[in-house]
Amino acid sequence: METKRIVIEERNHIKDEELKEAAGILRSGGLVAFPTETVYGLGGNALDEDAARKIYAAKGRPSDNPLIAHVSCVEEVAPLVKEIPEAGRKLMEAFWPGPLTMIFPKSEKVPYGTTGGLDTVAIRMPDDPVANRLIALAGVPVAAPSANTSGRPSPTTADHVWQDMNGRIDMIIDGGPVGIGVESTIVDVSSAVPAVLRPGAITMEMLEEVLGEVSVDPAILGPLSADVRPKAPGMKYKHYAPKADLTLVEPGTGTERESGAEQVTGAEQKTGADWNTGAAPETGLDETQLQAMIRKVRELSREKIEAGYKVGVICTDESRGCYTDGEVRSIGARKSQASVAHNLYALLREFDDLGVDYIFSESFPKDHLGQAIMNRLSKAAGYKIVKV
């Protein structure tokens with residue numbers, strides 16, 4: 001299959017003519033990758049079971065892993081669901097269009113091929129001019145998982161999509177880099193107490209402000225067992241993973257500095273933050289925790305380098321000067337969770353391009369957007385976490 005690539009020069013001034021061919025491909029059962037505010041999506045007609053099968057085949061994705069149906073306006077939701085619970089209405093009003101997916105009891109109109117065999121359907125209204133106009137022009141809800149081969153880091157540029165999907169799909173719409181960089185929050189509003197199934201840019205704190213009580217599915221905290229059917233994308237199977245073996249280093253809550261331990265000071269302390277004052281403003285960690293984490297990342301990376309392996313290190317703008325060994329890359333500013341989320345997948349793909357064997361990464365507090373960041377990093381690492 002020859003994959004056509006088109007470029008949208010001005011995302012905020014789209015002409016229908018630019019998307020007319022892509023909309024026709026979707027209507028006729030073909031596949032189109034397109035930008036959203038979260039990551040690039042791989043779109044097909046959500047009401048066409050054959051299109052769903054094509055999506056699973058292009059990604060190499062297990063068919064029990066549900067797809068998200070994307071709509072261009074709230075009015076397009078009703079035909080796809082049996083009912084819209086009050087919690088769903090409140091969340092639509094607060095966060096749509098935006099990076100929030102909700103799970104509803106599905107109507108008969110939605111095929112089981114799209115829902116992974118479930119009686120529920122996941123629906124999102126994206127906040128991206130290209131995505132919204134494309135869906136509206138197609139005239140059908142668009143099932144769209146991330147536009148990468150299954151298990152790989154999600155694509156945040158059209159080049160990432162091209163690497164994975166060239167020759168597998170009909171068209172790629174290049175709308176430039178995405179804004180957020182991690183997938184949407186998923187909330188199950190079909191249950192008595194709304195439950196977060198996947199964290200994202202709509203954080204727990206934001207959801208609780210609108211709904212009050214919100215529960216968290218155990219899949220956010222650890223892997224699902226093999227016999228459990230996933231209720232939403234990203235819950236069960238290995239996701240977001242680079243080719244190299246990734247390990248996270250996470251500070252404990254009561255870390256104490258060892259007497260005589262190596263300190264990150266002097267010439268190596270070129271971080272823009274004072275690690276030795278006992279305070280680490282806006283980072284969510286105290287100085288002792290940061291010191292311990294940096295020491296352990298350096299120790300683990302040096303061990304592998306001395307054994308002859310090529311090693312990548314994920315640090316932050318603040319700690320970049322603390323590392324001298326390996327392929328050291330900053331994921332963003334520790335005080336800016338948005339920058340870390342935005343750069344996460346692109347950085348994992350960069351390490352793939354560098355051909356590293358091992359990656360060791362600093363960790364982040366699990367509040368606000370940090371919950372989504374750590375969810376993605378933990379899954380990418382296969383839950384290999386070293387506590388210090």
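Even glycines carry a Cβ here, placed using N, Cα and C.
No curator has checked TrEMBL annotations; they are predicted automatically.
Per TrEMBL, the feature domain 'YrdC-like' maps to 16-202.
Taking a C-beta cut-off of under 8 Å and a sequence gap of six or more, T38 (L-threonine binding site) has these contacts in its own chain: P99, P126, V178, G179, I180, G181, V182, E183, S184, G200, A201. Residues or ranges marked as L-threonine binding site by TrEMBL: T38, H70, R124, S184.
Residues or ranges marked as ATP binding site by TrEMBL: R61, N65, T120, A144, S146, S154, R198, Y240. Packing around R61 (ATP binding site) is summarised by its Cβ count: 21 other Cβ atoms lie within 10 angstroms of its Cβ, all protein chains included. When secondary structure is read from DSSP and collapsed to three states, R61 (ATP binding site) falls in the coil class.
R198 (ATP binding site) sits 13 Å from R124 (L-threonine binding site), taking the Cα positions as reference. Rounded to the nearest whole angstrom, the C-alpha distance between T120 (ATP binding site) and H70 (L-threonine binding site) is 14.
Comparing R61 (ATP binding site) with H70 (L-threonine binding site), their Cα atoms are 19 Å apart once rounded. In the three-state DSSP scheme, T120 (ATP binding site) falls into the strand class. The ATP site in the record is lined by R61, N65, T120, A144, S146, S154, R198, Y240, and its two most distant CA atoms lie 24 Å apart. A Cα-Cα distance of 21 Å separates Y240 (ATP binding site) from R124 (L-threonine binding site). When the Cα atoms are compared, N65 (ATP binding site) and R124 (L-threonine binding site) turn out to be 16 Å apart.
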